[in-house]
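Colleague: Below you'll find the structure I mean.
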């Protein structure tokens, strides 16, 4: 049985049992659609069996590449955008301590990121920073022509060639790309870069359990075996457990779709642990790209409490009643702090003396759950015993499966993203890319230029 638990105690006032049961029936039908591969986008269901079907040999090859990176590099620059980097970053930042010592810095490779936006200042400073550092690059792109990572990789490759010489960089660049085709694959073959394969049947936002996510995670010093073990446990549970028997993914999908039908059109991912910052970013891409189409979809947002209680808390409590929350709870911190008594008690906090800081955080969480429920915001709770590779593997696979089920319940293809092309086509036209001349004329005319 998985470590993950779900409670709907603060949802029940909004979603009656008969409505929930109907949604659970729909969720079970969607689960069967995922498992039998009969739904829209079924050519991208390779992620479903990844944890159980990934070979030990494949994990070993990834670990060997990670060890090579660790042997000669202080930094690994992960070049990718969207699902090509968010899964890895979610796991790495969830597991990396906020404050490192000189000793821990020597033991691990620091992960940097590029190609996830087009800001000139960021990339200029990154290149300047790397001038006198030992570094490697993991470039991740199925095609090799996605604009943001392609630009970043061109800049980094130029620096690598100047710094080490073209003939000496074949063990400093690792390409995660298509098995046999595409610009990046051809470039990797030309330079003899080591390559890892992005499976044809796995889309970017579902790729964290492929080399896309696993190589950076391993290079950062974390156990990809434990991550996959957690995912494998969740895979087994979600595939073998029917909705009526307590399938966690069906329960989550049923609740969010039931609330959506009642006008709750925005779901807020809430965490009380700053380390979940990029888990929430990964979650937003997963659900936003999977469900936001055909005029449908729950809008995914995120907040970090208690910090955002002092910014977004007012809106959540008293604003438009279109919100639902999913709160990620962690039962046990890795370390804790005890509050002590002070003689003069001039800050009025002696009533907390002897309590752990985690107790204060848990009380803030419970108090907020009650307040938001009373204010008209249904709150679902997802609980993990702790933050480690295994529990993160469970959580991420749970969300992937839930997203597929929820998308099918919504009646959309959870595995395409046609709307993403619109901005690209306009950008290409404005930049003068060949073949976009007519669109450029249309854009300039629309803007009032002749």
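Using N, Cα and C of the backbone, Cβ positions are placed for all residues, glycine too.
According to Swiss-Prot:
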ACT_SITE  289  active site, proton donor
ACT_SITE  310  active site
ACT_SITE  424  active site
Colleague: 310, 424: which of these active-site residues has the sparsest Cβ neighbourhood within 10 Å?
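Modeller: Counting other Cβ atoms within 10 Å of each of the active-site residues 310, 424 gives the minimum at 310.
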Colleague: Around the residue listed as 'active site, proton donor', how many other C-beta atoms are within 10 angstroms of its C-beta?
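Modeller: Other Cβ atoms found within 10 Å: 23.
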Colleague: From the Cα of residue 424 (active site) across to the Cα of residue 289 (active site, proton donor), what is the distance in angstrom?
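Modeller: Cα-Cα, rounded: 16 Å.
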Colleague: For the C-alpha pair, I'd like the distance in angstrom between residue 310 (active site) and residue 424 (active site), rounded off.
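Modeller: Their Cα atoms are separated by 37 Å.
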